[in-house]
Structures are given as structure tokens and as C-alpha cells.
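Novice: Take a look at what TrEMBL says about it:
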TRANSMEM  27-46  transmembrane segment
TRANSMEM  84-111  transmembrane segment
DOMAIN    84-273  domain 'ABC transmembrane type-1'
TRANSMEM  123-144  transmembrane segment
TRANSMEM  201-230  transmembrane segment
TRANSMEM  250-273  transmembrane segment
Amino acid sequence: MATETTTTRDARRPVLTRLLRDRRARFALPVLATVAVAAVASPLLGDRSAATDTDRLLTGPSARHLLGTDELGRDVLARIVDGAAVTLAVATVAVGLALVLGTLLGLVAGYRGGWIDALLMRTVDGLLAFPLLVLALTVVAALGPGLRNALIAIAVVATPRFARVVRGEVLSLRTREWVSAAHIVGVPTPALLRRHLLPHLAGTLGVFAALQASTAIIAEASLSFLGLGVQPPQPSWGAMVAAGTDHLDASWSLSVFPGLAILLTIAAFNLLADALRDAFDAHRPDLTPGR
């Protein structure tokens, strides 16, 4: 009885309250907030990340350069802070675009069914047949290197994944009684999708977006590592890791610190996804029409 009471009380708490009580979220949110603050504050550094110090090449951490300098004497910490803007762009712009397009395609395919569903899902299956990085490399090879094209490539790669997830959710929701009732009373299809189905996708989309953000960051870092993503002199964590591999004997910090930044950010998004899933799951048994 006590367990049931506790479960009921937890289910009635707002999603945000349950999220903030989760230890995984309490680790992930400060990490992601730090990345966001670094990205927003990076313009305040001016050209510090590009400034060279020929007297201090490939130095380790010191009072003057907290994380050391690279082969051109540039401050590694300043470049990591500058590179956070690229990471934030990937996690918001590319994943946000994929979320919007994928949700639209998934809603149409799952709700309409028939030949529209078959056509859209065969296209999605064709795109999903390619490994993520291979498809991203193909798009970038066609468009050319650069941040904008990398964002487009990552959005193209992530869109079919969102479409597949949304379609599955819509297929399970459209058979519910309140959907049939909405049809009977004459609710227009756009209103039904927007006001009744979309609210029930919020939890799934939030969790999946967090997971896709970590995947997108890996993809961008890989593209930049291969020289097909962000181009010099703009810093990117993946490009910094690649540049540091040539100087590991002289300065280990060149690759280690950008690599740690990538690792922590990816771990934070994955932990946030787990915390979001548990926070939203308390409402799952009680699916009711959106208001």
C-alpha cells in the first residue's frame, strides 16, 4: 500500500519536478548549461582563440594557459570555449530541423496510412539502410565541407529516425477511443493532429531528441576530424582532436581536453534522455486526449 501511494504521488508531480529530482539530470543539466554558456560567451573572447604566441608552442597546462597551447601557440581553453558554439549549433539547429521534418513526415505517414505511408516509409527505410556516418559523409561530399553543410548533412541523417519513431507512436494512438470520438464530432484533421496527438508525442520526442543530439555531436566531431566539417580557423572539438594526434608526444593536452569535452557533452545528453524518459513515463499509463 505504501509503495502504491508513493508511486501515485510521483505520478502526480509535474514532469519538471521529477526531472530535477533525478540524479542523472542533476549531473547532465549543469554540464549542458556550461556548454551553452560557453557558446553564448565565446564572442566575448574576441580573437583570443586565434591569437598566437610563438614563444609558447605546444606547452602544457600553466597559469597563463590553463589547458596549454597548440602547435601555433593558441590557447587550448579559448578554442574549446569557441568550439562550444559549433556543438550547440549541432545540438539545436540540426537536431531541431530533423525533429520538425521527421515529426511532420511521421504524423502524415502514421495517420494517413495507405500508399502515402508505404511511400514515405520505404524512403525512410532506404535512408536508414546506410550507416549514419556514411550517409553524412555522402551528403557533405556532395555539398562540400563547412559548418552549414555539416548541419544539413546531420539533419538529413536524423530526419528519417524521427519519422520512424513518430510514425510508430501515431499508429498506436490513432486507434484510441478519443481519436474516434474526435472524428465523430467533426474535429478537422489538422486540429486533431495538433491538439490531440502532438501533446502525447512530447515525451517521446524529448527523449529521442536528447539521444539524437549526442549522436549528432559524434557525427559533427567525426566530420571535422576528417576535415569535412568546420574549416580552419574556426575551432571545432573534432578538428582539435585531429590536430592534436600529430603532437601527442610533445603535448598530450591538445587531444585530451577537446576529447573530454566531447565525451562529457555526449554523456550529459544520454543521461538527460534517461532522466526525461523516467520523468515522462509516470504519465504514460494515463493517456487522455490533449487539451
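Every residue, even glycine, has its Cβ placed from backbone N, Cα and C.
Whatever TrEMBL says is automated annotation, not expert-curated.
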Novice: Ranking 84-111, 201-230, 250-273 by the number of C-beta pairs under 8 Å to the transmembrane segment (123-144), which range is first?
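Specialist: Between the candidates 84-111, 201-230, 250-273, the best contact partner of the transmembrane segment (123-144) is 201-230.
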Novice: Six or more residues out from either end of the transmembrane segment (250-273), which same-chain residues have a Cβ under 8 Å from its Cβ atoms?
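Specialist: Sequence-remote neighbours of the transmembrane segment (250-273) are 24-25, 27-29, 31-32, 35, 58-61, 67-71, 76-77, 79-80, 83-84, 87, 91, 207-208, 210-211, 213-214, 217-218, 221, 237-238, 240-241, 243-244.
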